[in-house]
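A.B. asks: Quick paste of what TrEMBL says about this protein:
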{"type": "ACT_SITE", "residues": "SER160", "note": "active site"}
{"type": "ACT_SITE", "residues": "HIS187", "note": "active site"}
{"type": "ACT_SITE", "residues": "ASP280", "note": "active site"}
{"type": "DOMAIN", "residues": "1-117", "note": "domain 'Response regulatory'"}
{"type": "DOMAIN", "residues": "148-324", "note": "domain 'CheB-type methylesterase'"}
{"type": "MOD_RES", "residues": "ASP50", "note": "4-aspartylphosphate"}
Amino acid sequence: MIVEDSLVVRTLLTHIIAGDPRLEVVAAVASAEEALAQLAAIRPDVISMDIRLPGMDGLEATRQIMADQPTPIVVISASFDRTQLNPTMDALRAGALAAVEKPVGVADPEYRTIAAEIRTQLVIMSQVAVVRRRMRTPLAGTPTAGRPRIAPRMLLCAASTGGPQALAKLFNSLPADLSLPVLLVQHMGGAFMDGFANWLDSVVPQRVELARAAVLPQPGTIYVAPGDRHLTLMPSGKLGLSEAPPVGGQRPAATVLFTSAAAALDGAALAVVLTGMGEDGAAGVRQLVDAGGAAIAEHESTAVVNGMPAAAVRQGALALPLDLIGPHVKRILAREVVQ
């Protein structure tokens, strides 16, 4: 289902979607009200959602859909329009799975790239089960998982699909005066990263900023990897940004961050892997745990997508439901949880 008030953009999105045999437009509507009225009858596998709509906006529509008939939602938003950035991020927090750049027109030099990304995200997200599952076990992992041998000096976080919502919840469960810096990799289109950092700064108690090269990370500040750059921790303890090739199809990649931090800090770091597709971060978790650090992964009962967390658990991370991760982090920092 396409929800877009502009006839031009609606037609363009229909054309883009028609270019992938795996996708079919079952409805194309101009308002959130129309979408909600047709949702129960059509039951689409995935929704392309505009943010700026007449009447009810895309954010409120996302909230209602996720409350009444949970359906994968991909937000199609103009990243260059700053008035749409915060509502887009709020929609992700409300349950939308991804945000993709809105196409301008076929003459745009970036049209082919944007069109391919829209098709890819719609196909991938259509396969995500957004209904929460019951937790099978309270936690998973090895007996010593989530217990560092070395007191952590850095908190490392990684998330992908469903990440903004999970990250907001995690950081709000931690104190504003967090005793160590936070380095964060969130998989998201590069055009949205500045807006994502600004949005996160507005909804969590810690300070949030885009990571810059050669900065010495400070306690209580969250440093977000910028778009299309690997974030690393250098032996000097300062941040590094790299244009090295993607790792596992990702740049920035959590594995690059975790691996560099494990080496720079001799294992004195704590990694948290939240909801996301794929296995990014898993190899870095193994290196960090082997070096004496610890890792926590979001349990499948709360993860929107369990790919990244499950891979991290296989490499030594402790699996915990999202609302238990913050308290466990605080216990580790208070040295109440050690090997």
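Keep in mind that glycine also has a Cβ here, set from the backbone N, Cα and C atoms.
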A.B. asks: Sorted by position, what residues of the same chain at least six away from ASP280 (active site) have a C-beta under 8 A from it?
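C.D. replies: Listed in sequence order, they are ALA158, SER160, VAL185, HIS187, VAL247, GLY248, GLN250, ALA253, ALA254, THR255, MET308.
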A.B. asks: Taking 10 A as the limit, how many CB atoms besides its own sit near the CB of HIS187 (active site)?
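C.D. replies: If we count other Cβ atoms within 10 Å of HIS187 (active site), we arrive at 22.
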A.B. asks: Tally the residues of the domain 'Response regulatory' (1-117) by DSSP class, grouping H, G and I as helix, E and B as strand, and everything else as coil.
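C.D. replies: Helix (H, G, I), strand (E, B), coil: 54 helix, 17 strand, 46 coil.
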A.B. asks: Within 10 Å of the Cβ of SER160 (active site), how many other Cβ atoms are there?
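C.D. replies: Other Cβ atoms within 10 Å of SER160 (active site): 25.
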A.B. asks: Taking all residues of the domain 'CheB-type methylesterase' (148-324) together, what is their mean pLDDT?
C.D. replies: 96
A.B. asks: Restricting to the same chain and to sequence separations of six or more, state which residues have a Cβ under 8 Å from that of ASP50 (4-aspartylphosphate).
C.D. replies: VAL3, GLU4, ASP5, SER6, VAL9, GLY58, VAL75, ILE76, SER77, LYS102
